Amino acid sequence: MLKFRIRPVRHIRCYKRHAYFLRYNHTTTPAQKLQAQIEQIPLENYRNFSIVAHVDHGKSTLSDRLLEITHVIDPNARNKQVLDKLEVERERGITIKAQTCSMFYKDKRTGKNYLLHLIDTPGHVDFRGEVSRSYASCGGAILLVDASQGIQAQTVANFYLAFSLGLKLIPVINKIDLNFTDVKQVKDQIVNNFELPEEDIIGVSAKTGLNVEELLLPAIIDRIPPPTGRPDKPFRALLVDSWYDAYLGAVLLVNIVDGSVRKNDKVICAQTKEKYEVKDIGIMYPDRTSTGTLKTGQVGYLVLGMKDSKEAKIGDTIMHLSKVNETEVLPGFEEQKPMVFVGAFPADGIEFKAMDDDMSRLVLNDRSVTLERETSNALGQGWRLGFLGSLHASVFRERLEKEYGSKLIITQPTVPYLVEFTDGKKKLITNPDEFPDGATKRVNVAAFHEPFIEAVMTLPQEYLGSVIRLCDSNRGEQIDITYLNTNGQVMLKYYLPLSHLVDDFFGKLKSVSRGFASLDYEDAGYRISDVVKLQLLVNGNAIDALSRVLHKSEVERVGREWVKKFKEYVKSQLYEVVIQARANNKIIARETIKARRKDVLQKLHASDVSRRKKLLAKQKEGKKHMKTVGNIQINQEAYQAFLRR
């Protein structure tokens, strides 16, 4: 029989040489140390802020310097775009998903400790919903302007959004270390356009760290107010963003507005009414660091076991299940609606099942994408995808190709048209093939409504004429022209149809301005418009995947371009192929591919005239029969080439 002897406590000293024993019993984990630091910092020493900037003005670089100075990351040359987690974010130099990081900072002037939450927001208008939720979690923002470029369209749009939400703004001019910059001129732009005091403007170099610790961090502490939440109130949190983890499900980025929440608490989402248990909770430092609790004013993450990102609705309120009746839902929730739709089909039709799985996984990580299966008579099985904008669609396609190696045929982007019927009913059309065409289908239609946007463009004055002509040719309506400074920068405002914006308007704008123009826009509602469906026909059969909805004034020009372009990619057949463009049951353009001729006379003697005529007549009849019953073989490469810009 085995006997066990329990050693007295005094014998523990003989294990001192075993480091692991001491660590296990006497030291705390890094997460516990962080939580202990947080507990010692009062709410009035919290500062939640974001950085407002145009693309390439140095937002990610400044974020890196702040993380280095506050010892979140080690200072080294590899720290580039730490908060940009996605490969496509790093390559394009843009922020797509909102991110956050907690920082601990000791003010050298007073010796007080502060908890800073940097909320890195997307800057592009496609992700404006995420931007507004991120700003709602902040007390202030750094308005970052490039000293070499000055104020740009995105700077203006995001400034007004932050200003409208009541954020305290700190104007900062970046890249002051460059020799060719005119800091005084940029200061004048900020003062004149945003009416911010010149003495409040701080000059920094995000790349070298110049003035970041000396001037910017003290300004964040002095000028940005602490969170206004109440720790004694019932818990409620604002859902800022989410991303999908294969093991955890949806990970939620939240701002704790009131109260506190702990691991294992039972919570409920106000919009979906779904109930959950908190599986994990913590801060981003800069990656997920579990702390076991979050309290008023903090920005961190929650894992609730959501299996689908669609359950995580941006702007939703999360509350304690036991105190639902005592808790007021946070205002301002608005469901995000897709504004750009495309048809997507596998470049190789046999890959549909595998690609369907890849597509579903990627959609799990982006709850703003809508996904429906559809079938095309030309391209086979595919999907109808809805996006927040053209950049959103481009990023999704790039991620699908890079992360999963999937190749797609993407149809021409379309926008949602509103059809108003004579009986007062309305229908939103997102697929051009479903758009009413011809006199019979349009007889019950009272009006068609087309979405418009208000575009803000900044550009050098020398390109003003070219840009105005571009806007006018795209059915634009001028709103305002503002001259930003004596150096020739102009801000131009136009109403434009959304359909023209998604048809590579930004590329055309860059072309006519030699890359110097910038663009931002916001929704301007629907207007009654004279739009029709344009179809491409091959031997009388419409190719559904290539249909488009256009304004009546553009139909003839686009139709002629279509038939000429498609003719280039269709191989000749043994019979004549007719390519036509049709709108309102009327053929507006036509191209013909002549039949490939087979020499049936090569074995005949030259003098056998009757036999010659008989064979030619038989060939003619055969081709006529083939044309009526034959199916034209158009390969996938032809569609890809035609849809390529």
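Glycine too: its Cβ is placed from the backbone N, Cα and C atoms.
According to Swiss-Prot, the protein carries these features:
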- 44-228: domain 'tr-type G' (DOMAIN)
- 53-60, 120-124, 174-177: GTP binding site (BINDING)
Neighbouring C-beta atoms (10 Å sphere around the C-beta of T121 (GTP binding site)): 30
Which of the three DSSP-derived classes (helix, strand, coil) applies to K59 (GTP binding site)? helix
Test of understanding: give the count of other CB atoms lying within 10 angstroms of the CB of I176 (GTP binding site). 19
